Amino acid sequence: MSERGLLIVFSGPSGVGKGTVRQEIFSTPDHQFEYSVSMTTRPQRLGEIDGVDYFFRTREEFEELIKQGQMLEYAEYVGNYYGTPLTYVNETLDKGIDVFLEIEVQGALQVKQKVPDGVFIFLTPPDLAELKDRLVGRGTDSQEVIAQRIERAKEEIALMREYDYAVVNDEVKLAAERVKHIIETEHFRVERVIGRYHKMINEELPLPLR
């Protein structure tokens with residue numbers, strides 16, 4: 001039976017560039033994990049593909065899945081639900097495959113309660129002025145929504161202490177390399193690998209004949 005995979009939880013404020021950094025990580029052939037597509041009730045943006053960028057569902061459909069206990073985590077953010085389907089994550093981890101979750105901060109804290117041995121990585125902007133420029137540059141939100149996102153970002157940055165690692169997204173390629181290095185290092189933590197060596201610890205070897 002293969003070892004259970006590693007759950008990698010990646011989050012940060014809206015507009016910090018989570019999706020861009022994640023795409024950079026997955027653009028290289030050396031990554032050894034699968035991306036877990038999140039589910040949301042927010043409107044589908046131009047160029048987004050259902051089942052690739054997100055699973056887009058109505059509010060009624062999402063709430064029914066919550067009632068059925070089919071979400072690993074979920075959160076309501078600026079009037080929309082975001083969450084992670086439970087079945088896919090468990091099936092993938094049980095196969096020994098690492099799962100990469102890109103989720104909101106509220107959801108990440110829920111996951112930490114259920115899967116405390118996951119790897120929790122917080123992506124932060126260099127400063128709030130840069131974050132505001134990125135939100136304005138997207139051209140998808142009103143000034144009122146941008147102001148809400150900035151205030152929410154302050155609250156989320158204060159929760160950074162709940163994470164294992166913080167990565168500054170000052171340059172996409174560099175941030176992606178930092179995240180990959182963290183994941184690689186986590187695979188060598190003693191508490192993750194000790195199970196492989198139980199047989200070695202208990203094994204008795206015959207002494208050489210003289």
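Quick reminder: no glycine exception, Cβ is built from N, Cα and C everywhere.
The annotation domain 'Guanylate kinase-like' is assigned in Swiss-Prot to 5-184 on the grounds of sequence analysis.
Taken from Swiss-Prot, the feature ATP binding site covers G12, P13, S14, G15, V16, G17, K18, G19, and the record attributes it to sequence analysis. Every protein chain shown contributes to the tally, and the Cβ of G15 (ATP binding site) ends up with 22 other Cβ atoms within 10 Å.
In sequence order, F10, S11, G12, E102, L123 are the residues of the chain that are 6 or more apart from K18 (ATP binding site) and have a CB within less than 8 Å of its CB. Cβ packing within 10 Å was compared across the binding-site residues G12, P13, G17, G19, and the lowest neighbour count falls to G19.
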